[in-house]
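Quick notes on the structure that follows.
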Protein chains: 10
Amino acid sequence: MSGRKDEELQGVTLLGNQGTQYLFEYSPDILESFENKHSNRDYFVKFNCPEFTSLCPKTGQPDFAAIYISYIPDRLMVESKSLKLYLFSFRNHGDFHEDCMNIIMNDLIKLMDPRYIEVWGKFTPRGGISIDPYTNYGKPGTKYEAMAEHRLMNHDLYPEKVDNR
Amino acid sequence: MSGRKDEELQGVTLLGNQGTQYLFEYSPDILESFENKHSNRDYFVKFNCPEFTSLCPKTGQPDFAAIYISYIPDRLMVESKSLKLYLFSFRNHGDFHEDCMNIIMNDLIKLMDPRYIEVWGKFTPRGGISIDPYTNYGKPGTKYEAMAEHRLMNHDLYPEKVDNR
Amino acid sequence: MSGRKDEELQGVTLLGNQGTQYLFEYSPDILESFENKHSNRDYFVKFNCPEFTSLCPKTGQPDFAAIYISYIPDRLMVESKSLKLYLFSFRNHGDFHEDCMNIIMNDLIKLMDPRYIEVWGKFTPRGGISIDPYTNYGKPGTKYEAMAEHRLMNHDLYPEKVDNR
Amino acid sequence: MSGRKDEELQGVTLLGNQGTQYLFEYSPDILESFENKHSNRDYFVKFNCPEFTSLCPKTGQPDFAAIYISYIPDRLMVESKSLKLYLFSFRNHGDFHEDCMNIIMNDLIKLMDPRYIEVWGKFTPRGGISIDPYTNYGKPGTKYEAMAEHRLMNHDLYPEKVDNR
Amino acid sequence: MSGRKDEELQGVTLLGNQGTQYLFEYSPDILESFENKHSNRDYFVKFNCPEFTSLCPKTGQPDFAAIYISYIPDRLMVESKSLKLYLFSFRNHGDFHEDCMNIIMNDLIKLMDPRYIEVWGKFTPRGGISIDPYTNYGKPGTKYEAMAEHRLMNHDLYPEKVDNR
Amino acid sequence: MSGRKDEELQGVTLLGNQGTQYLFEYSPDILESFENKHSNRDYFVKFNCPEFTSLCPKTGQPDFAAIYISYIPDRLMVESKSLKLYLFSFRNHGDFHEDCMNIIMNDLIKLMDPRYIEVWGKFTPRGGISIDPYTNYGKPGTKYEAMAEHRLMNHDLYPEKVDNR
Amino acid sequence: MSGRKDEELQGVTLLGNQGTQYLFEYSPDILESFENKHSNRDYFVKFNCPEFTSLCPKTGQPDFAAIYISYIPDRLMVESKSLKLYLFSFRNHGDFHEDCMNIIMNDLIKLMDPRYIEVWGKFTPRGGISIDPYTNYGKPGTKYEAMAEHRLMNHDLYPEKVDNR
Amino acid sequence: MSGRKDEELQGVTLLGNQGTQYLFEYSPDILESFENKHSNRDYFVKFNCPEFTSLCPKTGQPDFAAIYISYIPDRLMVESKSLKLYLFSFRNHGDFHEDCMNIIMNDLIKLMDPRYIEVWGKFTPRGGISIDPYTNYGKPGTKYEAMAEHRLMNHDLYPEKVDNR
Amino acid sequence: MSGRKDEELQGVTLLGNQGTQYLFEYSPDILESFENKHSNRDYFVKFNCPEFTSLCPKTGQPDFAAIYISYIPDRLMVESKSLKLYLFSFRNHGDFHEDCMNIIMNDLIKLMDPRYIEVWGKFTPRGGISIDPYTNYGKPGTKYEAMAEHRLMNHDLYPEKVDNR
Amino acid sequence: MSGRKDEELQGVTLLGNQGTQYLFEYSPDILESFENKHSNRDYFVKFNCPEFTSLCPKTGQPDFAAIYISYIPDRLMVESKSLKLYLFSFRNHGDFHEDCMNIIMNDLIKLMDPRYIEVWGKFTPRGGISIDPYTNYGKPGTKYEAMAEHRLMNHDLYPEKVDNR
Ligand SMILES: [Ca+2]
Ligand SMILES: [Ca+2]
Ligand SMILES: [Ca+2]
Ligand SMILES: [Ca+2]
Ligand SMILES: [Ca+2]
Ligand SMILES: [Ca+2]
Ligand SMILES: [Ca+2]
Ligand SMILES: [Ca+2]
Ligand SMILES: [Ca+2]
Ligand SMILES: [Ca+2]
Ligand SMILES: [Ca+2]
Ligand SMILES: [Ca+2]
Ligand SMILES: [Ca+2]
Ligand SMILES: [Ca+2]
Ligand SMILES: [Ca+2]
Ligand SMILES: [Ca+2]
C-alpha cells in the first residue's frame, strides 16, 4: 500500500508514535531527518507553521508568529513531526524575533545540510507595530549561494496589508 | 460544430465515456494523451486539482491537498479526464507528500515528454503544520532546462498566508 | 487631559505597570475590575483575543484559539490588561476546549456579575477537524436570561468557511 | 496540570492512542462520547470538518465536502478523534449527498442524545452545480424542537458566493 | 458499497449516462425526480449554479448569472444532473431576468411539489447595473406558506458589495 | 425564441435603442415601466448600481456612490435601461447624500407604486468620513408597511469594514 | 444646479470653508446640525469614521479605532464636516474606549435629539487584545426605545475575524 | 466634447449601433480595428472577459471561462464591441480549451498585427479539475519576440488558489 | 509645527483654498507643481484615483475607472489637489479609454518632466468586457528609459480576477 | 530562559519600561539601537506600522497612513519600542507625505547605518485621491546600492486595489 518501505522510514521515530513528550524549552536535538529519494533533482519543500509562540527576552510576555520555512533538500529532509516538536520547544523560551528566526535556520542547516533554505516569521503586534524577520542561506561555494543573494534582493517587494485587526 | 475532428480525438477514450472504472490504487497506466495542434508555439496549460487525497505511509491516515500542474507541451498533451482518474488512483495509496509530487511529475514526463513541467502540492495541516512540495523539470539539453532553474530560483517568494482555518 | 480621574482608576493596578509578572498556570485571581460609568445604559463591550493557547489535557500538545468575549456590564467592568494576563495563565494548563470556554465565562461572571456575557473560542484543527465552543449567560431572573436564550437560539446560523489553510 | 482528571476521561480510548486503525467503510460504532461537565447550561459546540470525502452511489466517483456540525450537548459529548475516524469511514462508501448528511446526524443523535444538533455539508461541483444539504433536530417535546424549526426557517438567507473556482 | 439500492435509483436515468443530449431551448420536461428517504424531517437542499446563461428577449444579447436554488423536499427531490440539463436549456432562450427566475421556480414546484423553495439569480451588469431577482414559495395552507413570507420579509438585508469588477 | 412577446414589451422604448440621449441634469421623466407578469406572488428585484455620481450642493465637488435598490413589484416594474439613464441624470446635479436617496425612492414609488422598496447609498469619503443613507417604504395600510418598519429595525446590524482604502 | 437652496444650508458654516481650525482637545461645541427634509419618514444615516485616534487615560499612549455611527434623524441632522472636526478633537484627549463611545453618543443625542442612534468603536490591539464597545439609544417613551433594546439583543452575533495582522 | 474626431472613428461600425446581430457560431470576420493614436509608444491594453462560453468538442456540454487578453498595439487596435461579438460567436462552437485560446490569439494577430499579445483562459472545473491555458506571441524578428519568451518563462509563478467553490 | 516652510509652498495655490472652481471639461492648465526636496534620491510617489469618470466619445455614455499613477520625480512634483481637479475635468469629456491614459501621462510629463512615470486605468465593463490600459515613460537618453522598457516587459503578469460583480 | 543576555540588551532602555513619555513633536533622538548578533549574514527585518498619523503642513488637518519599513542590518538594529515612540512623535507635526517618508528613512540611516533600507507609506485619501510614497537606500559603494536600484526598478508593478472604502 505504501510507496515508502519500512527501511526508508528508519530514522523516523516520532511520526505516529504514542506518548509523545512535549518539551517547552529550546531543544534542537529533537529534530529528526530522513533520506531524500529525489536528490537527483532540485525541488522545494515548504512548511507553513502558523502556531509558533515564544517569550519576549526582556519582559517575559508571550509572542506569537506564523513561520514559513522553505528549503531545497540535498541528501536529507526534516521530518515534520519532529519539526513540530522542535518549534513547540520555543514555547517557554525568551528571545528577540530576529534571533529566533536565525536560530531556527541555523539548526535546520546543521540537521540537513540543505542546498538552500529560508525562514520567514510574521509576528503579531506589540504597541501597534509588528515585526517580520526573513533570513536565508545557500550552501557556500555553490550556485545556491547566488540563489540566496538573488532571493534576498527580490524579497517582499509587495508587503502584505497589515491593519492590526 | 467542433474545432477538433474525430480523427484528432482518437487517443481520447475516457472523455464522455459511460461506465468509467475508478481505481483507488496507484495506476499510472490510466493516463492518456492527445496531439498538440499548436506545437509551433510555446504555451502553458495549467490543471487546478483541489480534490487530491492520499494516505500517510506510516500511519495510514488520509491526507488532502490541492495540486497545481503546469506544463508547456511538446508533441503530446495529457487528456484531463484520464488525469482525473490517475489522481483518484492515489486515494488508498500511502506515500509522503514530497514523494507524491515527484511521482506525479515523473509519470507525466514519461507520458508526454513535455518541454517544461511543474507540480505544486498544498496539503492540509497535521499537528498545526502543513507541507507544500514544489518540483519542476525542463527537457535536458534545451532552453527549458534553464527555464526550470530560473523558475525554481524565483519560486514562491510570497508564501500565501496560512492560519490553519 | 484625561476623561477618567485618578480616583476612577483606583482598582486598576496592572495597566502601564512595569515589571509585570506573567503566570503560565491557570490564575483566576489575577483578574481586576473597574467601575462602569454608564450603568444607566445597556451596552456591549467585546474583547478580540486571537492569541490564546492552552494544552490538550490528555496528550499535553499545545492548542491555539481566537477567543471572542462580549458582555453587557452591570456595575463592574473587567480591565483589559488583567484579562490579558488571565488568558496567558492558560499557557501551560491542560483542558478540553469546551471546558476552557466555560471556565473563562464562569470566572468573568464571578468577577463582574455582568448583565449578559458570551464567550466563543475558535481553535485550530487537529487531525483535520477544528472545534469552536460557544457559551453564554444572562443574569437569572432578569430579561438578560431571555436574551441569552434568544442569542443561543440564533447562534452561528452562518458558519464561517474553514478549509484548514 | 490538567483540568480534566483521569476518571473524567475514561470513555476516551482513541485520543492520543498509537496505532490507530483507519476504517474506510461506513463504521458508526467507532464513535465515542464523554461526559458533559456543564450540562447545567445550554451551549454550542461546532466541528469544522473540511476534509470529508465519499463516493457517488451510482458512478463510484469520489465526492468532496466541508461538513459543519453544531450541537447543544445534554449529558454526553462526542469525542473529536472518534468523530474524525467516523467521518473517515465514509471514504469508500457510496451515497447521495443528502443521505450522507442525514445519516451522520442520525448517528450522532443515537450516540449523544443531544438537546439540539445540525449538520451542513458543502460539496464541490459536478457538471457545474454543487449541492449543500442542511439538516437539523431538536429533542422532541422540548423547547429544542421549536429551536430546530426556528433555525430551519432562518437557514441560509445569505447563500455564500460560489463561482466554481 | 452504496447506501442507495438500485431500486431506490429507478427514476434516475441521466446520472452517469453516456451520450447525454444537450438541449439549448427551454425544455422543462428534462427534469427528473427521485424519492426523498428522509421525508419524516424538514431539511434544506441548496444548488449553487454559477454557470447560467440565457439571452435578452429584446436584443438577443447573452446574459450570465449565478443561480442559487434552495428547497425543503416533501416526497420527491430533483436529480442534479437533470437540473443541470434543464438550466442548460435556457442557453439560447430569451427572457427577462425576473421572468427566468419565476419560471425556474414554477417548473420545480410542478416537478417536486416541495414544502418550500426559493430561487435567487445574480446577473452580470449591462450598462453598469446588475439585476438580482429573488422569488420564493411555501405550500399554500401549510406552515411553509408563513415561512415563505418570513423569509421574504428578511431577504437580503445585507446586499453584497458589487463594483462591476 | 423569447419568453416575452412583443406586446409585453410595449412600454419599453429605450432598451436596445440606438442613439440614446444622455441627460446630466435630474430627469425623473426618463423612467419607464413594464408589466409584472408574476404579480400573483411577492418577490424581490434588486439593482446593484455602483457607478452613481452627483455633486456636492455647497462646493460643487463630485461625489461617488454605490446604490442598492430593492423592491417588491405590484403591477409595474422599472425597466433597467431607463433606470440607468435616470441615475446618470444626477451627474451634474447637486444635493446632499441623504436627499438623493430619498428623491430616488420617491421617484420610483411614483413610477411603479410598488408594494415595498428600499434604497441604500454607500458614498466614498470626504475628509476621512463616508456617509451611507438607507431609506425604505411599504405601501401604507398594507402588511408591507409593517415590513418596512421590520426591515428598518433590523437594518445594518453588521456595518461593513471601511478603512478608506 | 443644487437640490438644497441656500436658506436650507444656513446652519452649515464649516462645509467648504477655508481656514478651518483643527482642535485637538475634546470640543463638543464644534458640532453643527441642519434640517431633516424627510422627517415624515424613518430612515438611517451611517457615518464610517476609520480615522479616529485618542489617548490612553493612564499611560498617554495613542489609541486608534474605526467608529461607525448610525442614526434615524428626527428634526435635525449632524453636518458631516463638523462631525469630522468633533472626532478630531479627541486626538490629544485621554479616555477609556468604553467611555469615548458613550460620550460621542451623548453629544450627538444632545445635538440632534434623534429618534434612534448607535455608536460602535473597533480599536486596534494593545498586548494582543482589542476592544470594541457598542452603545445605542432610542428616544424614551417611543417605539425607538424598544428598537434600541431589540438591536442590542441581536448585536454582533457574528464577531468579525480578528488575527491582529 | 470628444477627443476622437469622427474621421478617427471611421472603422468603428458596431459601437453604439442599434440592431446588433449576435452570431453564435465561430465568426472571426466580425472583428473590427481602429487606428492607434499613440504608436510612437509601447503600451498595454488589457481586456477582461469573464463571460466566455463554448462547448466541449466531444460531449457538447457547455464550458465557461474568464479570458484575459493583453496586447501592445502597433498600428491598429481591436474595437471592444466587435471583440465582444467575436467572443459571443464561440457560444455554440465546440473546441478544447487549449485550442480556443490559440485560435483567439491567432485571429487577433491576423486582425491587428500587434507588437505583442497574450491570451489566458481560466475555465470552470469538470470532474473536479479546471484547465487554464495561456499563450503569447511577439512579432518575429523584433524585441517583442524576446519579450514573449521572457513573459512565458515567468508566467504564473503564483497559481491562484482554486477550491472549486 | 510644519516641516515645509511657507516659501517652500509658494506654487501651491489650491490646497486648502476656499471656493474651489470645479471644471468639467478637459483642463490641463489646472495642474500645479511644487519643488522636490529629495531630488538627490530616486523614489516613487503613487496616486490612487478610484473616482475617475469620463464619457464615451461615440455614444456619450459615462465611463468609470480607477486610475493608478506612479512616478519618480526629478525637480518638480505634482500637487495632489490640482491633480484631483485635473482628473475631475474629464467628467464631461469624451475619449477612448486608451487615449485618456496617454493624455494624462503626456500632461504630467509636460508639467513635471519626471524621471519616470506610469499610468494604469481600470475601467468598469460595458457589454461584459472591461478595458485596462497601461502606459509608461522614462526620460529619453537616461537609465529611466530602460526602466520603462523593463517595467513594460514585466507588466501585469498576474491579471487580477474580474467577474463583473 | 532568555537567548539574549542582559549585557546584550544594554542599549535597550525603553522596552518594558514603566512611565514611558509620549512626545508628539518630531523627536529623532528617541530612537535606540542594539547590536546585530547575525551580522555575518544578510537578512531582512520588516516593521508593519499601520497606526501612523501626522498633520498636513498647509491646513493642519490630520493625515493617516500605514508605514512599512524593511532593512538589512549591518552592525546595529533599531529597537522596536523606540521606533514606536519615534513614529508617535509625528502626531502633531506637519509635513507632506513624501517628505515624511524621506525623513523617516534618513533618521534610520543615521541611527543604524544599515546595508539596505526602504520605507513605504500608504495614506488615506483626501478628496478621493490617496498618496503612497516609497523610498529606498543602499549603502553607497557597496552591492546594496545596486540592490536599491534593482528594487526601485521593480517597485509596485501590481498596485493594490483601492476604492476608498
Ligand atoms: Ca499590540
Ligand atoms: Ca488585517
Ligand atoms: Ca491538524
Ligand atoms: Ca486561512
Ligand atoms: Ca481557510
Ligand atoms: Ca464542475
Ligand atoms: Ca470562489
Ligand atoms: Ca467586485
Ligand atoms: Ca477597504
Ligand atoms: Ca486580520
Ligand atoms: Ca466538476
Ligand atoms: Ca475558490
Ligand atoms: Ca456592462
Ligand atoms: Ca470580482
Ligand atoms: Ca477623502
Ligand atoms: Ca477597498
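Placed from the backbone N, Cα and C atoms, the Cβ positions cover glycine too.
Heads up, TrEMBL stuff is auto-annotated, nobody curated it.
Database features (TrEMBL):
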type	residues	note
ACT_SITE	D:CYS56	active site, thioimide intermediate
ACT_SITE	D:ASP63	active site, proton donor
BINDING	D:VAL78, D:GLU79, D:SER80, D:HIS97, D:GLU98	substrate binding site
Recorded positions (D:CYS56, D:VAL78, D:GLU79, D:SER80, D:HIS97, D:GLU98) in Cβ proximity to chain C, threshold under 8 Å: D:SER80
Of the recorded positions listed as D:CYS56, D:VAL78, D:GLU79, D:SER80, D:HIS97, the one whose CA lies nearest the CA of D:ASP63 (active site, proton donor): D:CYS56
Residues D:VAL78, D:GLU79, D:SER80, D:HIS97, D:GLU98 [recorded substrate binders]: greatest CA to CA distance in Å: 24
Residue, out of the recorded positions D:CYS56, D:VAL78, whose Cβ gathers the largest set of other Cβ atoms within 10 Å: D:VAL78
Rounded Cα separation (Å) that holds between D:GLU98 (substrate binding site) and the residue listed as 'active site, thioimide intermediate': 11
Separation of alpha carbons, the residue listed as 'active site, thioimide intermediate' and D:VAL78 (substrate binding site) (Å): 27
Contacting binding-site residues, sequence order - D:VAL78, D:GLU79, D:SER80, D:GLU98 vs ligand 9, Cβ under 6 Å: none
Integer Cα-Cα distance in angstrom, D:GLU79 (substrate binding site) to the residue listed as 'active site, thioimide intermediate': 28
Recorded positions whose CB lies under 6 angstroms from ligand 3, from D:ASP63, D:GLU79, D:HIS97, D:GLU98: none
Other CB atoms within 10 A, centred on the residue listed as 'active site, proton donor': 24
Cβ neighbours of D:GLU79 (substrate binding site) where a neighbour is any other Cβ within 10 Å: 22
Whole-number Å value for how far D:SER80 (substrate binding site) lies from the residue listed as 'active site, thioimide intermediate' (Cα to Cα): 26
Neighbourhood of D:HIS97 (substrate binding site) by C-beta distance under 8 A, where only residues 6 or more apart in the same chain count: D:ASP63, D:ALA65, D:GLY121, D:PHE123, D:ILE131, D:PRO133
Residues from D:ASP63, D:VAL78, D:SER80, D:GLU98 facing chain E - recorded positions, CB under 8 A: D:GLU98
Under 8 Å by Cβ from D:SER80 (substrate binding site), same chain, sequence gap 6 or more: D:LEU15, D:PHE47
